[in-house]
Amino acid sequence: LLLLALVVPSASAQALSYREAVLRAVDRLNEQSSEANLYRLLELDQPPKADEDPGTPKPVSFTVKETVCPRPTRQPPELCDFKENGRVKQCVGTVTLDQIKDPLDITCNEGVRRFPWWWPFLRRPRLRRQAFPPPNVPGPRFPPPNFPGPRFPPPNFPGPRFPPPNFPGPRFPPPNFPGPPFPPPIFPGPWFPPPPPFRPPPFGPPRFPGRR
C-alpha cells in the first residue's frame, strides 16, 4: 500500500494542465519552424471535458501570432511582444498532458478561421459512394397552361397640344419680267356717211320796221 501511494503522487506530478500542454506545443512549433520570428499563443479555445488519463490525446484548437523576437534567440515566446500586422495562424490537433510524451499531431494554417475543439474528430475519411445508373423513368407530362391573359382598358391619354407655328413667310421681290414685244393694236373706226352739203335757206333782204 505504501508503494502504491508513492506511485500515484509521482504520476500526478508529471501531468500538465491544458494550457501548459498547449504552450509546450507552441514551443515545439517554433523549434520546427523555418520562419524568422517566434510565434506566441494568441488565443486558446475552451478545453474539452476533463479526462483522468493524462496520456490520452486530447483535441486542441488555438491561435498563434508572430512576435518581434527572432527565432535564433530562443527566448521564451511569452516574454516577446506581438509584431504589428504580424502573421496569424490557426492550429488544430491533439496534445497530451503527460510531461514525458511529446505533442502528437498539430497542424497550423495561416488565416483567422476558428475551429472548435472537436474539429479534429470530424476529419474522417469519406466513404466512396457506389455509382448507380440514372433511373430511366419518364417524367410526368403536364398540359401547357391555358390561363387567359389580363385585360386592360385602352389608354385614354389626351394628345399633346402644340401652339400654331408662327414662322414669318419668305419674302420674294416683285417679278420684273419684260413683256412680249407685240405691235400696237390697229382697230378700224366706225364708218359714217359723209354729211350733205350745207345750203342756206332762201331768205330775202332784211326788213326793219319804221323804215321805208
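Cβ atoms are placed via backbone N, Cα and C, with glycine included.
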Point to revise | Recorded disulfide partner - Cys80, candidates Cys69, Cys91, source Swiss-Prot | key: Cys69
Point to revise | Coarse DSSP state, helix versus strand versus coil, of Pro209 (proline amide) | key: coil
Review point. What's the CA to CA span in angstrom from Cys80 (disulfide bond) over to Pro209 (proline amide)?
Key: 185
Review point. Any idea what DSSP makes of Cys80 (disulfide bond), helix, strand or coil?
Key: coil
